[in-house]
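See below for the structure under consideration.
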Amino acid sequence: MSRHIPKKRFGQNFLQDAFIIHSIVAAVDARPGDVVVEIGPGLGALTRPLLRALPQLHVVEIDRDIIARLAAEFPPERLVIHEGDALAFDFGALAHEQPLKLVGNLPYNISTPLLFHLATYADRVTDMHFMLQKEVVDRMVADPGCADYGRLTVMLQYRFAMERLIDVPPESFDPPPKVDSAVVRMIPHAELPWPADDEENLSALVAQAFAQRRKTLRNNLRGWLDDDDFAALGIDPQRRPETLTLREFVLLSNRHGEKGRQ
C-alpha cells in the first residue's frame with residue numbers, strides 16, 4: 001500500500017518516536033478485560049502495541065484512507081473501527097458494561113473542543129491518556145494566578161485529577177508540528193472536590209468570567225452577581241478571574257443559582 005500523505009484538514013501528525021510510543025503504552029497499562037478506545041489511531045503507532053496487550057481495541061477515526069489501511073492490517077474482531085468525528089462520537093455507547101480507558105494522539109486543530117466533549121463522559125471512564133499541544137497541557141494543569149489558567153483549566157480540574165507525564169519534541173512526529181507537545185493523564189475524581197449545584201450554570205459562569213481576562217469579576221459578572229453577593233462569599237469583586245480557585249468559582253455559581261431560585 002502506498003505511503004499515506006498526512007491531511008492538514010484532519011490535523012494529522014503521526015507519532016513515530018519509539019521511546020514516546022513505549023512511554024504512552026506503559027502509562028496506559030492496558031490489561032485483558034479493559035475496554036480501551038483509541039481516538040485518531042493514524043498509522044497505528046499506538047494501535048499495534050496496544051493490541052499486543054489486548055484481545056480487542058476500539059478506535060475512532062474520521063479519515064477513510066486510514067480506515068482502509070487499518071482494516072487491511074487488523075481483523076475486525078480484534079480492531080473495532082468506528083468511522084466518524086470524535087467531536088460528535090457517543091463514547092458512552094461503548095461503556096454500557098464497564099468504564100472505558102481512552103487514549104490518543106488528539107488532532108491539535110480540535111483539541112480544546114474535543115476535551116470539553118470528552119469531559120462529559122467523566123463518569124464512564126477510568127482514565128484518559130492524551131498527546132496534545134504542550135500549551136494546552138500547560139493550561140490543563142495550571143494553578144490559579146498564572147497566565148495559562150483559564151476556562152479550560154477550571155472545567156477540566158472540576159472533573160479530573162491531571163498530571164503531565166512527558167514532553168514531546170516536534171521531531172517525534174511525521175510531519176513535525178510547529179509546536180511542542182506533551183502527554184497528559186486525566187483521572188476522573190471519585191468524588192468531586194467541590195460539587196456545583198448546577199454544572200451547566202458553573203460552565204456558563206466560568207465562560208462569562210473569562211470572557212475578558214483583563215477585566216475584574218465585577219465587570220465580567222455584571223448582571224450575574226452584585227457586590228452583596230461577592231461580600232457574602234468573601235470574594236473581592238476587584239479580582240481578576242485567573243486568581244480564583246475552583247472552589248471559589250463553584251461558590252459563585254451556587255450563589256447565582258440560589259438567586260435564580262428565589
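Note: Cβ is positioned from N, Cα and C throughout, glycine not excepted.
For G40 (S-adenosyl-L-methionine binding site), the same-chain residues that are 6 or more apart in sequence and have a Cβ closer than 8 Å to its Cβ are V60, E61, I62, A86, G104, N105, L106, P107. G40 (S-adenosyl-L-methionine binding site) falls within neither a helix nor a strand when secondary structure is assigned with DSSP, and so counts as coil. The annotation S-adenosyl-L-methionine binding site is assigned in Swiss-Prot to N13, L15, G40, E61, D85, N105 on the grounds of sequence analysis.
Across N13, L15, G40, E61, D85, N105, which the record gives as binding S-adenosyl-L-methionine, the greatest C-alpha separation is 20 Å. Of all the binding-site residues given, namely N13, N105, the one with the smallest number of surrounding CB atoms inside 10 A is N13. When the neighbouring Cβ atoms lying within 10 Å are counted for each of the binding-site residues (E61, D85), the highest count belongs to E61.
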